[in-house]
Structure formats: structure tokens, C-alpha cells
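> Below are the C-alpha cells for one structure; questions will follow.
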Amino acid sequence: MIKVMVTGALGRMGSSIIKTLCENKEDYKVVGAIDVPNHPKKGIDIGELIGIGNIGAPLETADNLEKVIKETRPDVLVDFTAPAPCVNTVKIASENNVNLVVGTTGFTNEQMEEMEEIINKNNIGAVISQNYAIGVNIFFKTLELLAQKIGDYDIEIVEMHHKFKKDAPSGTALRALEIIQNNLNRDSKAIYGREGLVGERTKEEICIHALRGGDVVGDHTVIFAGDGERLELTHKASSRQAFVSGVVLAVKYIADKKDGKIYNTFDVLNLNE
């Protein structure tokens, strides 16, 4: 049985992950649930707070993270919070020999480098991904092929999320951009939206458009526009369960790895071949 701690436990993703783990009691046990410092619900069982009944894991706060880790000894910590607190969580978990599944997005390059150094130094295993949905990763894999075969077409990326999402563009859109640029046989330049008299579109442009509204879980479309035809590759998530299922697979994948390496969902889903 894999013992799991979740930070961001009362968030949309955190609570969904806990519910799914608890539905698979033979394989997983939620031993810790962490949320923001001074949370008024501290001490109340996380199961009671998310509507599934007592599971024996009282809500704790981030300022007590190391104490709770030492008491519960999780195998894997799952983090869906925000960049700055996540980096601190990675440090504490790594120093206490706890493997990681990170779904937080919006990191700076410096924050990513810091986490990589911490994970390598402490010789733990980690999965870090902008999107854990299985379909999205097939979407990413298909983008590799399209960029290689029709990369001379004009390329645009459009993403839409719910009105509460704090970062833009989404981590998934940025990952799509990275995959495209890594597989193009030409120069490219990312731009973010267009406004005013911008002139004709240049061949190098890959423009990302971020839309926000309503309760959209996550829509991503990459457009390859050529002369006389247009190919659009789209993934739409209708439920967070799409992401949660991938997170659970990542927990199982990383649980016993102690090698100082960072893996991604291509590794988890065996898509790297």
C-alpha cells in the first residue's frame, strides 16, 4: 500500500485526488492533508471536510508540514498549490526522503532549477507535469509528429480555462509551445496575444491566446494553418477526473524510485519511445 500526503488538500484538484485515492483503499492510503497556514478548519478530518466521511487524516497547515511528514511517513507527496509554497514543500519533502508528484504550474525558470537541484541532491524521485490527463499527453505526442511534418504551416495556440485560474497562459499551453519548438526544423518566436497595428504575421510567430470564463475545466487547441487547408488539434477536459486519474498513475509510478531524477507524464504513460 502506498501512503500519500496531499498539499493543497482543500483545492479543486487536491480534494478530487483525495476522494479518488480513498476509493482505491487496497492500493493507497491518505495519511496527510495540508492546506494554507492558519486555516480555520485545521484539525478537522479531511474526509469530513470533502464529504466522504472520516478517513483518519486531520487537516494540517503548511507551517506544520515537516512535523506531519515525520509523524505520518508518506511514500509520496502530491502538490497542487502555488509556485512559491510548492518550492518550499519540495525542499521539506526531499530532505525527509519523500517522493513527489507535482501538478502546480506557473514556475519561473529559477524555481524549476532550484527544485531540480533539491531533488537531485536528496536522491528522491519526482514526477513534475503541467497536465496529468492521459488524453492531453496523447495530444502532446501528436504535436511532436505534426511539428515535424507540417511545421512550415502557421501555428497558433488557443487555451481556455475557468474564470478562477490565476496564471496565463496555462502550463499546458506552454508545454505545447515547448514541444512544437523542440520539433520544428525552423526558427520560431513565441508571442502572447495581439493588439493594435501589429502588421503582417511573420513566419516565425507562434502566438498563444489565453481565454478565461465560466467553469471551463480546460480546452486547448493548436492550429496549423497552411495555404488551402487548416489542421486543428483539440483536447477538451470536461471533468477534473481526467487529471486525477493521471495523478494516481503518477503516484504509483514514482512510489519506489529513489534516483534523484525528475520524470514527466510521458514516462508514466510510456510515451517516450
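Along the chain as shown, the residues are counted starting at 1.
Just so it is clear, glycine is given a Cβ too, placed from its N, Cα and C backbone atoms.
Values in this document were obtained by computation on a predicted structure and should not be read as measured data.
Checked Swiss-Prot, it gives:
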type: BINDING; residues: Gly8, Ala9, Leu10, Gly11, Arg12, Met13, Asp35, Gly103, Thr104, Thr105, Ser129, Gln130, Asn131, Tyr132; note: NAD(+) binding site
type: ACT_SITE; residues: His161; note: active site, proton donor/acceptor
type: BINDING; residues: His162, Gly171, Thr172; note: (S)-2,3,4,5-tetrahydrodipicolinate binding site
type: ACT_SITE; residues: Lys165; note: active site, proton donor
> State the three-class DSSP label for the residue listed as 'active site, proton donor/acceptor', counting H, G and I as helix, E and B as strand, and everything else as coil.
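Note: the residue listed as 'active site, proton donor/acceptor' is in a strand by DSSP.
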> Please report the number of other Cβ atoms within 10 Å of the Cβ of Gly171 ((S)-2,3,4,5-tetrahydrodipicolinate binding site).
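Its Cβ has 17 other Cβ atoms within 10 Å.
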> What's the CA to CA span in angstrom from His162 ((S)-2,3,4,5-tetrahydrodipicolinate binding site) over to Thr104 (NAD(+) binding site)?
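Cα-Cα distance, His162 ((S)-2,3,4,5-tetrahydrodipicolinate binding site) to Thr104 (NAD(+) binding site): 16 Å.
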> Considering Cα atoms only, can you say which of His161, Lys165, Gly171, Thr172 is the nearest neighbour of Thr104 (NAD(+) binding site) among these recorded positions?
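Of the recorded positions His161, Lys165, Gly171, Thr172, Gly171 has its Cα closest to that of Thr104 (NAD(+) binding site).
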> For the NAD(+) site as recorded (Gly8, Ala9, Leu10, Gly11, Arg12, Met13, Asp35, Gly103, Thr104, Thr105, Ser129, Gln130, Asn131, Tyr132), determine the largest distance between any two Cα atoms, in Å, rounded to the nearest integer.
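Of all Cα pairs among the recorded NAD(+) binders, the widest measures 21 Å.
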> Find the shortest Cα-Cα separation between Leu10 (NAD(+) binding site) and the recorded positions His161, Lys165, Gly171, Thr172, and name the residue that gives it.
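When the Cα distances are compared, Lys165 comes out closest.
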> Which one is it, among the recorded positions His161, Lys165, Gly171, Thr172, that lies nearest to Arg12 (NAD(+) binding site) by Cα separation?
Lys165
> Hey, does DSSP put Asp35 (NAD(+) binding site) in a helix, a strand, or just coil?
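Once the DSSP labels are grouped into three classes, Asp35 (NAD(+) binding site) ends up as strand.
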